[in-house]
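Asker: Have a look at the structure that comes next, please.
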Amino acid sequence: MSAMGWTLLAAALLAISAQSNGCYIQNCPRGGKRAVETELHSCAACGLGGQCVGPSICCGGLLGGGRGGGCIVGGPLSAPCKRENLHPEPCRPGGGSSCGLEGICAAPGICCTDVTCSIDATCDDVTEKAGVTFSGATGGLANPTGDLLRKVLLLANADLE
């Protein structure tokens, strides 16, 4: 084989390997990368009856004053969520309905991704039936505690940006 043939072969192998999406040994799910969609489990419990939504986000339960739930970003109440992040299989928060670009409704009026939460009107109807246990029924953020939660959440997101 000529030098040009070896060069073309090397370039073809390089192009093929650049297009492949392998998973590293430490983060490959059981059953390989294609098994991810089928092996979802419920996310860990955290806080005061809440559920992990991301590596440092705990939502639901008695958070937010016990009136419809709320979310805590960071702190000791979300500590179990860091351990959940080390699980080889991904988890699916029980929030149910989608919101934003890639988020789920984690509490009434609150949309969370795995990194941050924001106020979202499409999540105002979130109740216990959606999957996350909230202590209130509907409209949980239409109260003084909920208003304070909204302000704290807006300030926290402003600090992150």
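Just so you know, glycine gets a Cβ as well, placed from its N, Cα and C.
Grabbed the feature section from Swiss-Prot, which reads as follows:
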- Cys23-Cys28: disulfide bond (DISULFID)
- Cys43-Cys91: disulfide bond (DISULFID)
- Cys46-Cys58: disulfide bond (DISULFID)
- Cys52-Cys81: disulfide bond (DISULFID)
- Cys59-Cys71: disulfide bond (DISULFID)
- Cys99-Cys111: disulfide bond (DISULFID)
- Cys105-Cys123: disulfide bond (DISULFID)
- Cys112-Cys117: disulfide bond (DISULFID)
- Gly31: glycine amide (MOD_RES)
- 1-22: signal peptide (SIGNAL)
Asker: For Cys71 (disulfide bond), which of the listed disulfide-bonded residues (Cys43, Cys91, Cys105, Cys112, Cys117, Cys123) have their CA atom within 10 A of its CA?
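Answerer: Hits: Cys112, Cys117.
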Asker: Just to confirm: which same-chain residues, 6+ apart in sequence, have a Cβ under 8 Å from the Cβ of Cys46 (disulfide bond)?
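Answerer: Counting only residues 6 or more apart in sequence, the Cβ neighbours of Cys46 (disulfide bond) under 8 Å are Cys52, Cys58, Leu77, Ser78, Ala79, Pro80, Cys81.
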Asker: Near Cys105 (disulfide bond), which of the disulfide-bonded residues Cys43, Cys91, Cys111 can be found within 10 Å, Cα to Cα?
Answerer: Cys111
Asker: What kind of secondary structure is Cys81 (disulfide bond) part of, going by DSSP in three states?
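Answerer: For Cys81 (disulfide bond) - judged by DSSP and reduced to three states - the answer is helix.
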Asker: Cα distance, Cys117 (disulfide bond) to Cys111 (disulfide bond), nearest Å?
Answerer: 6
Asker: At the level of the C-alpha atoms, what whole-angstrom distance separates Cys112 (disulfide bond) and Cys91 (disulfide bond)?
Answerer: 14
Asker: Looking at the disulfide-bonded residues Cys43, Cys59, Cys91, Cys99, Cys117, which ones sit with their CA no more than 10 Å from the CA of Cys123 (disulfide bond)?
Answerer: Cys99
Asker: Would you mind pulling the DSSP three-state label for Cys46 (disulfide bond)?
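Answerer: In the DSSP reduction, Cys46 (disulfide bond) maps to strand.
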Asker: Around Cys99 (disulfide bond), how many other CB atoms lie within 10 A of its CB?
Answerer: 20
